[in-house]
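Report on one structure; see the data block that follows.
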Amino acid sequence: MMHRRTLAAALATMLLAAGCTTTGTGTTPRQDAEGPAELLFWNTGSDEQAAAMQVAADRYKELHQDVTIKVQAIAWDDGHAKVLTAATSRSGPDIVSGGLSWGIEFGELGGMIDLNGYDVSQAKQQTRPELWNSITSPGGAVYGIPMDMTLYVFYYRPDLLQKAGVGAPPATWAELFTAVDKLKASGVPTPLVEEWGTFEWLPWFNYLKQAGGSLYSDDCTQVTINSEQAVLATTTWADQYRKYGVPKATVDVGAGLAKGEYAMAIGASYLAGGFDSGQPELKGKWQTAPLPTGPAGAGSFVGGKIVGAMSYTEHPQAAADFVKWLYTDEAVEILQREVFTRGGELYISPRPELLAKANASDNLRQTLQTTLNSVTGPPNCKGWETSGAEVSKRLQAVVNDNADPRTALAEAAAVMQGNLG
Amino acid sequence: MTTALIEKPSTAQPAGAGKRARWRRAVPGYVMLLPFAGLFAGFLVWPLLNALYFAFTDFNGVRPPSWVGLENFRRLWFEDPRFRTGLVNSLIYVSCTVTLTTAAALALALAFRGTSWRDRVLRTIFFLPSVTSTIAVMLIWRWIFSGERFGLANTVLSWFGADPVSWLSTPHWTIPLLVVMAVWGGCGYGMVIFVSGLNAIPEELYEAGRLDGASAWQQFCYITLPQLKPVTTYVVITGLIGAFQVFEAVYIVFRAVSSVGGVQDSGLMLVPYLYDMGFTKFQLGYASAIAWTLFLIIFVISMIQLRVTRALREL
């Protein structure tokens, strides 16, 4: 019996020692392998978007015979974890696209290549500075360059507004809430809804910019969320839910607009593509406008996707070249056409001057053009990725628990300062 | 006679030959166990040991882990308010879920323990949630508790003229909704176990009880419940382990309104928190510390439960 116990203990010790031998992985990018390059591209998004990207990749192959790129779609829901797993195991795709903040996240972990070593100055010149700033790490590294943009758009039903005595889409906060009251009185059950980060910090961020506030100082040394502007923004944002009946959960904007249950929506630009195809009865009945302005004027959040190369790729040069090629007129034209043809969606290139060629109505194109002049991307300051969810909780407490906005913002500031280091 | 025939050669054989014979008989069994043992070691023992090692390191998944000793556990147990929220939520959720699921399962088992077609069909219906795709079920719950007017719960409310409720984005509704989902999904499984336990109770005990003038309630209290102790222990402990490991309900249902944990972390449990720290915030060392803490909690509670049950049995 004793002998068996000794044997079991020795086996357990051996296994424990073996378990502890994991040494992790290196972070140095590989050198370029010789010969033709076969690259795998994980494109976060729908199958249709991946198919559109494959068309662009095939065109790239025609121009670069020795580079073959296979595009696979990965879903937003688990894309983040999948890319982390790839970075950890140092196997998987050569190129990835994903959330605007993913580049800095995975890059700082050592999972992505700093594209500064592959001359991305042309792309930097062509991208809006607010967007470029968001994808540049505090140390100056660029682990992924913007691939597309998502903007906030104000959607509305002109007929319902007119019926309620609202002549034009609201241009200011005051006009917005007056319109909500009038629409409610005219029988619209839920006059205003929000979509894209509903009840989280994203829509609040629009109010923050419109009130003239910010999250951090420009040099990322100070947290500035606990300002008077932020208090005003938070109070106004919270009043949407408390006084004006904006739903706190994500809603089907298209269906609600089509049924006349909603008359106005603050939502992402990607929603526009699905209205006519998903709700044929809505065709011709909806319009767009820039978000209503606040005391400091216009302002809204800009999101989108980055595209970059994984640090373990055997073909970093080819991967970086393809990433940069996505900024060419030809690539943008292909993506604008194919994304619209295959999924009915609007592709907004990070090159704002090409917006004029996007598959969109004049009204929507004009809205996007105007919106672009006052956008701000997510902060690139240290710790924001961790802080974002914590900020949302403090904001939600203002609505759900009637917490004092100043106290809530002070708590959020403390969390952000702690994560800023 | 048969015994004598078997025992005779074994006593006549030398000790070494007996051992060899036993070994020869055992080898095929061990060989057949090897595939399972390999998988068990590779996919359970090895990851467990790795997780234990990572729990003492600062590991982000990409850079090599660095040894930090007990720092992760110190931070987790003494400094982390989210862990405390997750732990308190988990304890409330587990106690409510296990109690209600066990009670509902026993009630269903008592009601449908028979062999009639009606009982069989109803048992099948109640058991169905246990074998239905969890993700599909959770998506249906998400629809039921949708904040929009077309959500089933809000549709029912509208029949009574009530305004729609933002079920998923109102923090005080989070745990009750999670408990409802868990009880609905788990009572069928518990019912099947209880039915087998009930049918194993000797009928003579009830006959003796009836002869002594015991009422139905007295028979239930003094015969059924004591006889079901081992089965109840099994149902409670497996239910407890499952409840502590709740993930899909939090992750899928509340995904519609918030990031991991529900609005204001009102539904944050230990496993969703573990996932959040590991796969959203890349703190895999810290996530491993949470995993081992979860293991310790379940282990300790299960041991207490077993001891209490044993003590009750000996009374």
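Positions of Cβ are set from backbone N, Cα and C atoms, glycine also.
Per TrEMBL, these features apply:
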- B:29-56: transmembrane segment (TRANSMEM)
- B:87-305: domain 'ABC transmembrane type-1' (DOMAIN)
- B:91-112: transmembrane segment (TRANSMEM)
- B:124-144: transmembrane segment (TRANSMEM)
- B:173-195: transmembrane segment (TRANSMEM)
- B:234-254: transmembrane segment (TRANSMEM)
- B:284-306: transmembrane segment (TRANSMEM)
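With a cut-off of 8 Å on Cβ pairs spaced 6 or more residues apart, the transmembrane segment (B:284-306) and the transmembrane segment (B:29-56) reach 3 or more such pairs and are scored as touching. Among the listed stretches B:29-56, B:124-144, B:234-254, the one sharing the most Cβ pairs under 8 Å with the transmembrane segment (B:173-195) is B:124-144. Same-chain neighbours of the transmembrane segment (B:29-56): 65, 67-70, 72-73, 284-285, 288-289, 291-292, counting only residues six or more beyond its ends whose CB sits under 8 Å from a CB of the stretch.
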